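Residues or ranges marked as transmembrane segment in TrEMBL: 6-22, 34-57, 63-82, 102-123, 129-148, 155-174, 180-198, 203-221.
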Amino acid sequence: QEFRMYSLLALLGTLAMYLLVSRRYLWLSIVNALLLYTHYSSIFLILAQTVYVILYARRDLKLFTIHYLLLTIYYIPWLPQFARQLGSGLNIDNYLPGWRQVLSISPVKAFPVIFFKLVAGRISFISKYLYGLYITFVFAVTFTALAVTRIKKHLLFIWVFVPIFSLLFTSLVLPQNQPFRVIFVLPGLIILFASACFRYPKLFLTLILYIFLVGDIAYFTRPRLQREQWRQAIGFLSGQPGITLVKFSDKFAPFYWYSPDYRVIPAVSVYPARKAAVTDSLSAQSLPSQIFLLQYLTELTDPDLLVDSVIKELGYRQTRIYNFEGVGFIYQYKRI
C-alpha cells in the first residue's frame, strides 16, 4: 500500500512533457519507457504527446518517430507479460464476475467524476444536496479557469484532455477508468490553474485555496477517505491466536508484503463460491479453536455467504466483528 506507483507516475509524466517541449527526444524515449514500465495507463500520455507533435510540432515528426522506435526496443522485454495481463483484463468477466463494476464506473459518469476528484480530491459529504452544490462550485471554478488561461494553452489542454478521453474510450473494453489511472494529467491541470491565478490573482487564488482547504480537511479528518488499512489489519491478525480465512483462491497481496509467513487459508477456489468446494476445502484443514474471516471481496466471490455457513456447520460461532477502513469487516469465530 505504501509502495503504490502513482506518485512516480505523476513525476515521470511531468518530466516527459517537459522533455517534449524541450525537444529532447532521446531522453523522452527513456522516460516514456519508464512510464510504461510504471503503469500501462501512461500510454494515454504518450498518445497525447503524439497528438501535440502532429498538430503543433510537425517539424519534429521524424525525431518523434525515432523516439517511438527506441521506446519499442526498450519495452520489448515486457511484451510477453503485457500480453498475459491484457488477456486477463479482457476476460475478467469470465473468471471474476462483477469485478468490472468494482474497477470502473459508467463512462458517462466517469468524465465528471475524474475531473472533480482530480481537482477536489477523494471526498464526499453526508448531505447529497450539499455535495451536489459543492460539485457544481468546483466545476464552475475549474472550467472558468480553463477558459481564461493563456500560458501554453494548446499543450496543456492536450496534456489534460487527451488522456482522460482516451481512458474513457478504452474503458468500454477494459474496466479501468478511476481518476488515479491518469494522475499524470494533474500537473497540467495545476499549471492551468496557476495561469488563471496570474490573470485574476485575488479571485482564483481565493477560490482554489478554498477548494484545496476543504479537500484537505475532509481527507485528514475521515479515515475512510485515506489509504486502506491493510497494515493495521494484518498487524492485528498476526498478534491473535488462530488463523485467518479469506474468500479468495490465495491470500491477498498485502499479506505477502506485511507478513509473508502468516498462515492464511484460501476458502474459495472458484468464483462465485460453491458450497461443496468450500466444505471440502475447510474440512481438509486442521482448524484451531479460533479463526478470523475476512469479508473482503465477499460480494464478488461469495455473494451467498457460503463460507460463513460452512464455518458455522463446522461448529463455530461468531463472537465479534472488527472493522478496518478499506479492508472491511473481519469476523471472529470460536469453536462452540
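Glycine is no exception: its Cβ is also placed from the backbone N, Cα and C atoms.
Just so you know, TrEMBL annotations never went through curation; they're auto-generated.
Counting Cβ pairs closer than 8 Å and at least 6 residues apart in sequence, the transmembrane segment (6-22) and the transmembrane segment (63-82) reach fewer than three and form no contact. Ranking 34-57, 102-123, 180-198 by CB pairs under 8 A with the transmembrane segment (155-174) puts 34-57 at the top. Counting same-chain residues at least six beyond the ends of the transmembrane segment (34-57), those with a Cβ under 8 angstroms from any Cβ of the stretch are 5-6, 8-9, 12-13, 16-17, 20, 23, 28, 64, 71, 75, 78, 82, 85, 154-155, 158-159, 162-164, 166-167, 170, 176, 181-182, 184-185.
Only residues 6 or more beyond the boundaries of the transmembrane segment (63-82), in the same chain, are considered here, and those with a CB under 8 A from a CB of the stretch are 23, 25-26, 28-30, 32-33, 36-37, 40, 46, 49-50, 53, 57. Residues of the same chain lying 6 or more positions beyond the ends of the transmembrane segment (203-221) and with a Cβ under 8 Å from any Cβ of it are 119-124, 134, 138, 141, 145, 193, 196-197.
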